[in-house]
Amino acid sequence: MVILGIDPGLARVGYGLIEVNNQRQVKMLDCGIIKTNKNQYEGERMVEIAKDLRVLIRKWKPGLAAVEKFFFYKSSTTISVVQARGVLIMTLARFKVPIVEFPPMQIKLAVAGSGHAKKDEVLEAVMRELRLKVPPRPDDAADALAIALTGLFQQ
């Protein structure tokens, strides 16, 4: 089964795709970011996110999507990120991709063994689990792989 991990954002959406076989062996298929143009109107940026996510869904046909659950912080970008997350959830639902959601502490706990793990500890755990020699970049893509692994581990 293919699992798509998503780290929501407006400027950059991290994505990570992993595949697990019947023997529960896991490998990375792809990872990267959906980047939007900060000079565009928010609505146009949302359209770009949905369009690029559709391309990923059609190419990889994920059987599950794992999405980081957003918590409110006092920030001017909060509303925009929540809206972008809504676009992501809607697009996944339109393609009938089952969705699971995890808060950051649960992702850290599932992947690195501690809900308070530091970013580099999570990255090391992702690299170990996926047998990667080079760290996935950018950070949003690495985070998305951790989210995808959490989707696998929580099944």
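Positions of Cβ are set from backbone N, Cα and C atoms, glycine also.
The active site feature in Swiss-Prot is assigned to Asp7 (among others); the stated evidence is sequence analysis. The Cβ of Asp7 (active site) has 25 neighbouring Cβ atoms from other residues within 10 Å, across all protein chains displayed.
According to Swiss-Prot, the feature active site maps to Glu68 (among others), an assignment based on sequence analysis. Within its own chain, Glu68 (active site) has Ile6, Asp7, Pro8, Glu101, Phe102, Pro103, Pro104, Ile107, Asp143, Ile147 as residues 6 or more apart in sequence whose C-beta sits under 8 angstroms from its own.
Sequence annotations record features per position, and here Swiss-Prot assigns active site to Asp140 (among others) based on sequence analysis. The secondary structure of Asp140 (active site), as reduced to three states from DSSP, is helical. If you take the C-beta of Asp140 (active site) and look for same-chain residues 6 or more apart in sequence within under 8 angstroms, you find Asp7, Gly9, Arg12, Val13, Gly14, Ile33.
For Asp7, Asp140, the entry in Swiss-Prot reads Mg(2+) 1 binding site.
The secondary structure of Glu68 (active site), as reduced to three states from DSSP, is extended strand. Per Swiss-Prot, Mg(2+) 2 binding site is recorded for Glu68, and the stated evidence type is sequence analysis.
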